[in-house]
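J.: This is the structure I want to talk about, given as structure tokens.
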Amino acid sequence: MKLNTLQLENYRNYEQVTLDCHPEVNILIGENAQGKTNLLESIYTLALAKSHRTSNDKELIRFKSDYAKIEGELSYRHGTMPLTMFITKKGKQVKVNHLEQSRLTQYIGHLNVVLFAPEDLNIVKGSPQIRRRFIDMELGQISAVYLNDLAQYQRILKQKNNYLKQLQIGQKTDTTMLEVLNQQFAEYALKVTLRREHFIKELETLAQPIHAGITNDRETLTLDYVPSLKLSNYEANQSELIEEVLALLNDNLQREKERGVCLYGPHRDDLSFNVNGMDAQTYGSQGQQRTTALSIKLAEIELMNIEVGEYPILLLDDVLSELDDSRQTHLLSTIQHKVQTFVTTTSVEGIDHEIMNNAKLYRISQGEILK
């Protein structure tokens, strides 16, 4: 999977720009606040129909403009395809091969990306919400079924929370509706939990040898998915598992009514990274946390290739120069001649010479690409 061209109109600080992309490495160089990260963000947004930097799409529209447009031509093993995203202050429109997609779940997955930025250390040391979002963003790109199940779960969760709040303040007294919601909730909570569990096991299998290689076998990395729905046997059949989830929800019905909020489900789950058996969030050094984050990102690249048959595009936002020689070497061995990569940096100093030899350089200044 490659991005051949990227066209922006009224996106962030870009009025109009076209990027003819190198099939291997694209290095965007410039001072801070010139628009390098905005270019990377536009690729991410084109892939996932949302930015990783803001939840407000209006911020993506250039100052004093009415719309923003991102268009990219992709090449796959079997041909090319344009993707388009049109953003206004009223909403957004996405197209695949010039055909408008009525649902984002039909759109996401045509362009797969892996982003590695300084804030990705928060995957290890940040809040559970950050780790859940990481799982959903990566898993959502490779499984349309998961995206749909997650959307259904979130819809039912919102309904359940609204009803619990009404029970808490006395606007409702009948719990029959809650029982109906719990039945639907249990079904989709289980689907989301099981798919996440499977995804983390696959990711761990790929991340372990990468982490061992970076640390010269001094460290062992393990991943543990930590569900709030503690089930006795995940290998049981679907109906038995749903009954177990329902039993747990019923046992805690009074607590949820008193709190006015749903206390169990995938929206409360977490992911633990362990280095040599110790929690990296609590006990890991910054170097160990950085190595863990890099191992996970490189494992994502391989997993996406396994699942969809195409390597994703790698976006490196101001992190390459921060990686030491060992980490850069492992990054290079993963991406070389396989993964199209976009890199932002203020200086090419410290970047591996082999990466530079297979790269195209773009100088970015005040929202323009200098020739």
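Note: Cβ is positioned from N, Cα and C throughout, glycine not excepted.
According to Swiss-Prot, the protein has these features:
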- G30, E31, N32, A33, Q34, G35, K36, T37: ATP binding site (BINDING)
J.: Neighbourhood of the ATP site (G30, E31, N32, A33, Q34, G35, K36, T37): other residues with Cβ within 8 Å of the Cβ centroid, in order?
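T.: Near the ATP site, the remaining chain residues are N38, T344, T346, I364.
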J.: Hey, of the binding-site residues listed (N32, T37), which one tops the CB count within 10 A?
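T.: The largest 10 Å Cβ neighbour count belongs to T37.
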J.: Counting across all protein chains present, how many other Cβ atoms fall within 10 Å of the Cβ of K36 (ATP binding site)?
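T.: The answer is 25 other Cβ atoms.
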J.: Report, as a single number, how many Cβ atoms besides its own are within 10 Å of the Cβ of A33 (ATP binding site).
T.: 10
J.: Within its own chain, what residues at least 6 apart in sequence put their Cβ under 8 Å from the Cβ of G35 (ATP binding site), listed in sequence order?
T.: R12, N13, Y14, I364, Q366, G367, E368
J.: Just jot down the residues in the same chain as E31 (ATP binding site), at least 6 apart in sequence, with C-beta under 8 A of its C-beta; none if empty.
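T.: Set apart from E31 (ATP binding site) by at least 6 residues yet with Cβ under 8 Å, we have T346, S365.
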